[in-house]
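**Student:** Before I ask anything, here is the structure I am working with.
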Amino acid sequence: MDNLICISMKGISKSYRHDAKTLQVLKHVNFQVGVGETCAIVGPSGSGKSTLLSIIGLLDFPDEGDYLLMGHSVANAQSDELAMLRKSEIGFVFQHYNLIARLSVLENVALPLRYRGVDRASALEQAMQMLGRVGMADRARFKSADLSGGQKQRVAIARALIGQPSLILADEPTGSLDSETAREILELLLSIQKEQRVTLLIVTHDNQVAHLMQKKIRVRGGRVEEMGASVL
Amino acid sequence: MLPLNQAIEDALDSFRTLSRRSALALLGIVIGSASIVAIINIGHNAGLDAASIFQGMGTDTLVAQLPDKEDAQVSLLSIDAAKIEGLDLPGLQITPTVFASISLVFNNRSVNARLVGTESSLFNVIALSLLKGRFLHEFDFEENVVVLGHQVAVSLSEGGSRIQVGDWLNINNYLFKVVGILKSKTNSMVSPVVVDDSVFIPLHAISRVESQTALRDLIVRVPPPLNIEIAALRLHDQLARTFEFRSVQIMVPQQIIEGMNRQNRTFHYLLIALGAIALVGGGVAVMNVMYMNVSERRVEIGLRMAIGARRQDIRNLFLIEALALSTLGAVLGAGVGIALAWLYAVISGWAFELAMLSIPLGVLSTLLVGVFFGLKPAIAASRLTPVEALRDD
Ligand SMILES: Nc1ncnc2c1ncn2[C@@H]1O[C@H](COP(=O)(O)OP(=O)(O)O)[C@@H](O)[C@H]1O
Ligand SMILES: [Mg+2]
């Protein structure tokens with residue numbers, strides 16, 4: 001398994017147009033991440049980390065370049081195919097959680113299964129198990145608005161994992177949390193990653209966090225450079 | 001593909017928490033739907049009321065009046081009747097009628113009534129029905145037989161002994177045998193006969209009671225395929241020539257009905273226009289609510305896309321919400337509309353009958369408006385790209 005490639009990018013470029021000026025955010029980016037690998041993405045604010053993660057997560061398109069996700073070429077995929085790939089391959093964890101406030105914790109976690117056509121009862125049952133795994137079973141009936149930040153992120157992690165994706169993309173998942181809670185969330189993510197052998201990409205500013213990952217990628221000036229493997 | 005029942009469940013989830021704004025949109029939809037349903041019902045009942053004016057007088061019937069002109073010589077019934085016989089109007093069934101005011105005596109009790117001299121065909125032409133006995137018969141010739149209108153029979157019975165078929169009645173000192181009693185009947189606007197207050201005797205028997213009577217009204221049936229308007233013209237033509245000293249007026253119930261309908265229709269169109277405006281207003285309100293809904297839930301849209309929702313799933317989510325809103329509005333509106341129409345009928349003194357088609361028509365047109373105006377915001381939501389939707393600014 002370890003020598004299989006999860007993400008393979010070649011010559012990926014992305015620019016945004018601001019009025020008359022063009023801002024090139026990513027310039028001919030090349031890199032690979034193997035299946036089951038953990039990878040930190042670091043770099044100064046505004047360097048294009050989120051842009052890179054959006055392209056990896058099929059939420060945004062590169063202007064040019066080739067991108068293979070789990071062997072699927074996604075360069076020419078239509079929006080329905082992209083939705084299908086996001087559904088089956090990717091779980092997202094956002095800095096601001098993005099839970100649906102009016103739904104209960106349980107319903108939030110079950111939501112990805114609903115787009116897989118799983119019936120309501122068994123979706124809720126699976127969601128309950130997943131909440132147990134992230135230590136939130138006792139909050140299942142809460143509205144997500146009534147949770148603390150750390151609790152919300154636990155729920156978001158359960159939601160990202162419930163569809164058994166091959167890739168977890170976390171954009172500053174601890175960016176809104178105090179350091180104690182941040183460590184707990186990170187430990188949770190890493191322990192689940194080990195259990196499920198899922199590929200994990202984390203955008204982070206925290207060097208300690210970055211050191212916990214097998215691979216470290218720095219985004220700067222539109223370029224992506226791989227840093228030395230961290231000491232595990 | 002998100003199965004339909006799940007799509008609906010999801011939409012209803014968000015519908016639960018739709019805001020006060022949606023209550024306003026709902027109000028618009030309710031008003032629109034209510035006006036459509038009310039209008040159809042009011043129109044329906046106005047039509048029934050108009051039809052009831054004619055009380056069974058068919059649209060193939062017309063009435064010719066031959067009032068005496070001032071200072072013209074008074075003609076005699078027998079001469080008039082002979083003239084009628086001589087008319088050349090093939091196919092037309094002419095029922096002559098003659099009227100007189102008389103008093104009847106039964107059992108020492110005297111009652112005023114309208115005397116109608118006529119023929120047996122009147123029975124079908126103005127749709128009479130019998131309580132007891134029979135109507136005039138063509139073999140009655142000038143026999144002294146009488147058929148009583150309902151109210152006359154009731155008044156005559158008030159003396160104590162109930163009047164029966166077979167009893168004898170004194171009309172201007174002539175005895176007439178009661179052969180039938182009619183059921184009560186509401187007056188038709190066009191028929192010259194006031195059924196309940198009249199007694200009916202054979203046309204030629206009337207000369208015995210009232211010597212100076214002339215022919216007054218002809219009730220004429222124009223069976224198909226004859227054209228009633230052409231028949232009316234020909235009748236007028238011949239009557240004017242035959243009865244040259246008298247004025248001739250022809251009433252065609254069909255024309256009167258059409259006149260009333262034309263008036264109703266104008267009123268109807270006006271109301272429908274009002275209902276349509278209310279409905280479109282409601283639709284625009286739904287569109288606004290849905291647009292705000294989409295922009296407030298932009299991040300949710302992005303999240304749903306990130307976890308695998310396709311464009312049509314997002315479109316359906318919002319479309320179903322718009323539909324749920326319109327369905328609720330349509331159903332409430334139908335109830336309100338029926339209540340309004342009922343009130344209108346009560347105030348107008350009509351009997352209320354529910355127009356069955358009004359409910360599906362009202363609900364369907366409201367749903368169409370909901371889909372039409374809900375579609376644009378729903379499509380706008382589905383056209384967002386996931387990054388655009390998820391951007392937190
Ligand atoms: N949709 C957009 N339109 C225009 N500029 C954008 C857009 N998204 C990002 N940018 C710009 O691209 C650059 C990289 O942004 P981002 O990837 O969010 O950086 P990071 O996540 O590393 O802080 C920033 O300068 C940002 O302003
Ligand atoms: Mg960022």
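Placed from the backbone N, Cα and C atoms, the Cβ positions cover glycine too.
Checked TrEMBL, it gives:
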{"type": "DOMAIN", "residues": "B:22-232", "note": "domain 'MacB-like periplasmic core'"}
{"type": "DOMAIN", "residues": "B:273-386", "note": "domain 'ABC3 transporter permease C-terminal'"}
{"type": "TRANSMEM", "residues": "B:23-43", "note": "transmembrane segment"}
{"type": "TRANSMEM", "residues": "B:267-291", "note": "transmembrane segment"}
{"type": "TRANSMEM", "residues": "B:317-344", "note": "transmembrane segment"}
{"type": "TRANSMEM", "residues": "B:350-375", "note": "transmembrane segment"}
**Student:** Sort the residues of the domain 'ABC3 transporter permease C-terminal' (B:273-386) into helix, strand and coil with DSSP and give the three counts.
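**Tutor:** Residue counts for the domain 'ABC3 transporter permease C-terminal' (B:273-386) by secondary structure: 98 helix, 0 strand, 16 coil.
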**Student:** Hey, which bits of the same chain come close to the transmembrane segment (B:317-344), Cβ under 8 Å, at least six residues off its ends?
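**Tutor:** Residues packing against the transmembrane segment (B:317-344) from afar: 7-8, 10-12, 14-15, 18, 22, 25-26, 28-39, 41-42, 45, 282, 286, 289-290, 293-294, 304, 309, 352, 354, 358-359, 362-363, 366-367, 369-371, 373-375, 377-378, 381-382.
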**Student:** Do you know the mean pLDDT across the domain 'ABC3 transporter permease C-terminal' (B:273-386)?
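**Tutor:** Mean pLDDT across the domain 'ABC3 transporter permease C-terminal' (B:273-386) comes out at 91.
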